[in-house]
Amino acid sequence: MPLSINGVLCTLTVLILWQAEELVEACSCAPVHPQQAFCNADVVIRAKVVGEKEIDTGNDIYGNPITRMQYDIKQIKMYKGPDQDIEEIFTAPVSAVCGVTFDTSGKKEYLISGKVEAGGKMHVTLCDYITPWESMSPTQKKSLTQRYQMGCDCKIVCCPSLPCAISAPEECLWTDLMMEKQVYGRQANHYACVKRADGSCSWYRGNAPPKKEFLDIEDP
C-alpha cells in the first residue's frame with residue numbers, strides 16, 4: 001500500500017476515534033509519534049504558562065482585524081531551539097483554526113513543540129505535540145535529551161490497518177492505531193526509532209517496556 005494512502009487512512013482513523021463534539025471543529029491533524037513531532041519542530045521546551053492576552057496582528061483583505069493569542073511562559077528547560085529563552089508563544093484564537101488553549105495559572109507544566117516564525121516568535125497549533133509534563137512516560141522524558149534526536153534521520157510510518165509494511169530500511173512501523181485503537185499507545189510511550197550501525201532504523205525499547213511486542217520490534 002502506498003505511503004500516501006497510509007497517511008490518509010491514519011488521518012481518517014483519528015477522526016473516527018475523536019469524540020462527536022470534536023468532529024465539528026475545522027482543525028484536523030494526522031497522527032504524529034512524539035519522536036516525529038520532536039524532529040519536525042523548530043523548538044521543544046518544558047514550560048509553565050503564566051499569562052495570556054489577545055493581540056491584534058493587522059487586518060485581512062476585507063479590513064477585518066486579525067487576532068491571535070499570546071501566552072506568556074516561564075521556560076523550565078529547552079530541548080531544541082534557539083540560544084535564548086522563549087518568553088511568549090503565539091497561537092490562533094480558537095481551536096477551529098488549530099488554536100491551542102493553555103492553563104495560565106502557572107501551576108501546570110507542559111512539553112510544548114512548535115515552529116519559529118519570522119522575527120524569532122514561537123507559534124504553536126493543535127497539530128504540534130503539546131502535552132502536560134506529568135502525562136509523559138519516563139521513556140519519553142529521557143528520549144527528549146538524546147534518543148529522539150538520534151532517530152531524526154529515520155522515518156516513522158503509521159499503520160492504520162493490516163496489511164502494512166515498511167518500504168525502506170530507514171523506516172519504523174508505528175502500529176498503536178491498529179493494535180490499540182489509540183494514537184498514543186505503548187509504542188509512542190515506550191519506544192524510539194533510532195538508527196542502527198548498518199544505517200537501518202529500528203524501534204529501541206526504553207524504560208517500562210510494554211507487555212506485548214509489535215509487528216517489527218527489534219532492539220538495535
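Every residue, even glycine, has its Cβ placed from backbone N, Cα and C.
TrEMBL: automatically predicted annotations, no manual curation.
Among CYS10, CYS39, CYS98, CYS127, the cysteine that TrEMBL records as disulfide-bonded to CYS27 is CYS98.
Reviewing CYS29, CYS39, CYS127, CYS193, the cysteine that TrEMBL connects to CYS172 via a disulfide bond turns out to be CYS193.
Partner cysteine of CYS159, as given in TrEMBL, is CYS164 (from among CYS154, CYS164, disulfide bond). The recorded disulfide partner of CYS152, taken from TrEMBL and restricted to CYS10, CYS29, CYS39, is CYS39.
Within the set CYS10, CYS29, TrEMBL assigns CYS29 as the partner of CYS127, by disulphide bond. Sequence-distant neighbours of CYS154 (disulfide bond) (same chain, 6+ residues apart, CB-CB distance under 8 A): GLU170, GLU171, CYS172, CYS193, VAL194, LYS195, CYS201. All protein chains considered, the CB of CYS127 (disulfide bond) has 16 other CB atoms within 10 Å.
When other Cβ atoms within 10 Å of the Cβ of CYS172 (disulfide bond) are tallied across all protein chains shown, the result is 28. Considering other CB atoms within 10 Å as the measure, the emptiest surroundings among the disulfide-bonded residues CYS29, CYS39, CYS98, CYS164 are those of CYS29. Among the recorded positions CYS27, CYS29, CYS39, CYS152, CYS159, the residue whose Cα lies closest in space to that of CYS98 (disulfide bond) is CYS27.
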